[in-house]
Amino acid sequence: MDSHEVLLAATYLLGTLAAFCLGQSGRGFVGAQVMLSGSNSKCQGLVEVQMNGMKTVCSSSWRLSQDLWKNANEASTVCQQLGCGNPLALGHLTLWNRPKNQILCQGPPWSFSNCSTSSLGQCLPLSLVCLEPQKTTPLPTTTLPTTMPEPTAPPRLQLVPGHEGLRCTGVVEFYNGSRGGTILYKAKARPVDLGNLICKSLQCGSFLTHLSRIETAGTPAPAELRDPRPLPIRWEAQNGSCTSLQQCFQKTTVQEGSQALAVVCSDFQPKVQSRLVGGSSVCEGIAEVRQRSQWAALCDSSAARGPGRWEELCQEQQCGNLISFHVMDADRTSPGVLCTQEKLSQCYQLQKKTHCKRVFITCKDPNPVGLAPGTVASIILTLVLLVVLMVMCGPLIYKKLVKKFRQKKQRQWIGPTGVNQSMSFHRSHTATVRSQVENPAASHVDNEYSQPPRNSRLSAYPALEGALHRSSTQPDNSSDSDYDLQVAQRL
């Protein structure tokens, strides 16, 4: 072997060694089985590697940036190894969020020589989206227009975490096949039908309103996301009266300064809580609402001049129909909150006010206040005592009343009762004059007028004695009566 051949052999060996070293450091996936899981396609899903079992790679590995599209250039070789097209996105996507055993890798991109196990929940899984391979079909007789690969999944919508953490509110993202992004918002065109279709597809009820740019920018991040940002604008609405998602949106180029479509649906959660305070029952009082963990008075609003808001509030308190409502005078020391929607169920945000006109609500109480248990017990005890007294004292009182009535009935007046007649006396109808004389004690019991007073010498019947005295001088009329009726008649 001459010197020229030796030099060529040495150069070949050095080149092979250099290529091997560069390959091991720059493309560590060589020799490691990399696959994408979590979808029906081999070209999109969570990045997993075979290392004593399948491991899911964290999105913070190899110090990747948060820009999904910038990271895509680092995955060209991986997509080719998987038999897919060019890479589209590399980073954390919420499409697939069921990682297995997670590992965090350091060093050059796609190097698995310096990886450590990470506990579940400490890092977000890494996702990769590659272009689907084109299907090889026989050439048709006519030239077909160039089209994108057929989508592997039906088109769908997704909401970026909503306003103040509310469910069913936020920026709308549309995914159709391998293309995903937000929708261009045009303030001049606000089709309600499109909003209803979006909320219905998301199972969030009906469309309420659009979120402004300030409200969208102020959307807080969930705890599990470090830098949440919606995808770039890649779609725009093309038909406001569409019936399917594919008919509603068309592709568009990214425009700087454009606003993404953000909606609020009727089924947002949590809802505003309400109550009535300061009244005689839970169905009467001043309307208050709960914002976060504090209660505040609900101020009167021009958006709710009718009874609709207050009827809904009565229903929330499980009361009857609305009876009345009136606005109270504003007080400097009475702050509150304002709802700009017509009904409380539509209020996704509340505005603070320093001078609040409170509203006093009166609803029909389905359970009116009855007698207190103590009052009922007192009434029952009183009735029991009354019955006992009637049983014990009733017969005795009855006997006394009957006796008194009979004694009064036994007394009668005998004699003239004319104006010019002066003779009158009282006697018992059961006793005669003779019996009175013969048995004075018994007569005194029946008639207290039958005996003269013990301490007096006067007669008990002066008129009768006078008549008898005068009749003694007259001829005897052979009358069997105790006294002369003719003389008594003259008197």
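Note: Cβ is positioned from N, Cα and C throughout, glycine not excepted.
Confidence over the domain 'SRCR 1' (34-131), given as mean pLDDT on the 0 to 100 scale, stands at 82. The feature domain 'SRCR 1' is assigned by Swiss-Prot to 34-131.
What Swiss-Prot lists as domain 'SRCR 3' is 274-364, and the listing cites sequence analysis.
Sequence annotations record features per position, and here Swiss-Prot assigns N-linked glycosylation site to N114 (among others) based on sequence analysis. Neighbour count (other Cβ atoms within 10 Å of the Cβ, all protein chains): 13 for N114 (N-linked glycosylation site).
Around the Cβ of N176 (N-linked glycosylation site), a 10 Å sphere holds 19 further Cβ atoms from the protein chains shown. If you look up Swiss-Prot, you'll see N176 (among others) marked as N-linked glycosylation site.
Taken from Swiss-Prot, the feature N-linked glycosylation site covers N239 (among others).
Annotation comment: Swiss-Prot describes Y449 as phosphotyrosine.
Swiss-Prot lists 369-398 with the feature transmembrane segment. Within its own chain, the transmembrane segment (369-398) is flanked in space by residues 280-281, which lie at least six positions past its ends and keep a Cβ under 8 Å from the stretch.
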Worksheet entry | Rounded distance in angstrom between the Cα atoms of N176 (N-linked glycosylation site) and N114 (N-linked glycosylation site) | 37
Practice prompt. Give the three-state DSSP assignment (helix, strand or coil) for N176 (N-linked glycosylation site).
Written response: strand
Worksheet, complete the sentence: Once DSSP output is merged into helix, strand and coil, N114 (N-linked glycosylation site) belongs to coil
